[in-house]
Structure formats: C-alpha cells, structure tokens
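Participant: Sharing a structure here in structure tokens format.
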Amino acid sequence: MKKLKLHGFNNLTKSLSFCIYDICYAKTAEERDGYIAYIDELYNANRLTEILSETCSIIGANILNIARQDYEPQGASVTILVSEEPIDPKLIDQTEHPGPLPETVVAHLDKSHICVHTYPESHPEGGLCTFRADIEVSTCGVISPLKALNYLIHQLESDIVTIDYRVRGFTRDVNGMKHFIDHEINSIQNFMSEDMKSLYDMVDVNVYQENIFHTKMLLKEFDLKHYMFHTKPEDLTETERQQITAALWKEMREIYYGRNISAV
C-alpha cells in the first residue's frame with residue numbers, strides 16, 4: 001500500500017485483543033486447588049508487568065503509568081499507559097509479516113494502552129481446570145499492535161487462542177480524503193512466525209469491509225502428560241487415561257468453537 005501523506009496526526013485506532021487459554025486436569029480437590037494456586041502465582045501482577053513492559057520495549061512505546069493488582073481469591077490485572085515520540089512515518093514498517101519475539105523494533109504510540117486480566121477457573125466435578133488471560137493492545141497512530149502478537153503468545157503457554165483485530169475511526173490525507181485503514185491486511189495469520197503457525201490449527205473469520213479480523217487457534221499436538229497436574233499418566237489405568245483424554249479434548253474443542261458439545 002502506498003504511504004499516505006496525512007493532514008495532522010494519524011487518528012486511526014488499532015486494537016488487538018485476544019484470549020489465551022491453558023487447560024489442565026487435576027485428579028483430586030487438593031490437586032485442583034494446587035493448580036489454581038500455581039497458575040495464580042505464575043501469572044501474578046509482577047510477572048504480567050514484566051511481560052507487558054517487554055511488549056512496550058518490542059514496539060518501542062514509552063511507559064507513562066503502570067497500574068497493577070492481584071486479587072483474592074485469585075486473578076490479577078495490569079494496565080500500562082504508553083505514549084509516542086515524534087517519528088518520521090517513512091521509517092515505519094507496515095507490511096504484513098510476523099513481528100519479533102524479544103527483539104527490539106522501533107514503534108511509537110500515542111493515547112494508547114496495554115492491559116491484561118487473568119481468570120483461573122475450575123469446577124468441583126470432572127477435574128478440569130482452565131486459565132484464561134485477556135490481553136488488549138490498543139494504539140493510536142501509524143503503528144499496528146500486531147507486531148507484539150508473536151511475543152505475547154510465546155510468553156503465555158497457550159492451548160487455545162482467540163484473536164480479534166480492529167481498526168476504528170478515520171484519518172485524512174492532505175487533500176481531505178478520509179482513510180479508514182492505513183495498511184494492508186488479509187489475515188492476522190500473516191503476522192505470525194512460521195514455527196507458531198505450524199503448532200496450531202487455525203481458522204479466520206474476517207469482515208473486510210468493516211476492518212474486523214478474527215483468528216482462532218487450537219494446539220495440534222496432544223500429549224496427556226502436559227495436561228496432568230501432579231499425576232503421571234503411567235500411574236493411571238488405560239480406561240482412566242482414555243476418559244481423561246476425552247474430557248480434556250472435549251473441553252478444548254468447546255472453548256475453541258465457543259459452544260457446548262454433546263457427549264458422543
């Protein structure tokens with residue numbers, strides 16, 4: 001896409017929001033409580049602040065303020081306000097390609113924020129536990145928050161990911177014409193690295209005329225030992241392993257498709 005010569009500041013708002021899910025099976029009530037305590041500590045407010053601060057570093061944002069809070073009995077929230085410094089728009093890379101992991105890239109934001117909220121969850125029956133992290137990166141200006149996508153998914157262990165990207169508002173060029181998007185995008189997947197795409201089954205639901213893009217991701221490989229908390233699969237009977245595998249897989253598909261699935 002040809003670079004636009006704008007009249008004044010770029011007023012487009014670009015928002016990237018996604019849910020990241022981690023699934024676990026805890027055989028007993030003690031294991032369930034242990035998993036919730038473990039995941040709550042692993043992703044406490046301090047750890048999340050480190051992750052979001054590194055996100056700011058990746059996209060070159062200047063941190064204005066950090067608000068963070070751990071909650072009882074569980075959960076945490078962090079919000080970071082960021083700003084930009086003057087930058088030559090000619091230096092901005094707006095092409096469709098994956099962003100970096102922890103490497104630094106120049107990017108500048110204004111009236112923007114990055115926030116995360118966590119939601120550990122379990123049910124007393126069935127042994128299934130889930131951890132959900134809601135993340136939003138919202139920027140105002142020429143930079144797309146999609147550049148932070150790779151890093152954030154790699155930092156948070158993810159069995160299932162749902163991603164939404166939307167461009168809102170408009171900006172004007174020097175001739176007064178409105179522009180409702182200032183970069184090319186066909187799919188959120190184009191901003192992911194090849195190694196990440198190889199790990200997940202993915203599907204897109206995009207509304208191009210509204211500048212709304214949606215991608216869902218489900219981890220391809222299933223290894224039961226990665227989903228057990230303090231219990232080894234070899235300590236279970238074959239029937240137990242099959243039942244737990246079926247329950248976990250059903251849980252993951254229900255979250256992925258966003259609907260309850262009847263037992264076969």
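Heads up, the Cβ atoms here are built off N, Cα and C, so glycines get one too.
Straight from Swiss-Prot, here's the annotation block:
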type	residues	note
ACT_SITE	Ser112	active site, schiff-base intermediate with substrate
ACT_SITE	His117	active site, proton acceptor
ACT_SITE	Cys140	active site, proton donor
MOD_RES	Ser112	pyruvic acid (Ser)
Participant: Just name the most isolated of the active-site residues Ser112, His117, going by other Cβ atoms within 10 Å of its Cβ.
Facilitator: His117
Participant: So if I draw a 10 Å sphere around the Cβ of the residue listed as 'active site, proton donor', how many other Cβ atoms end up inside it?
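Facilitator: If we count other Cβ atoms within 10 Å of the residue listed as 'active site, proton donor', we arrive at 21.
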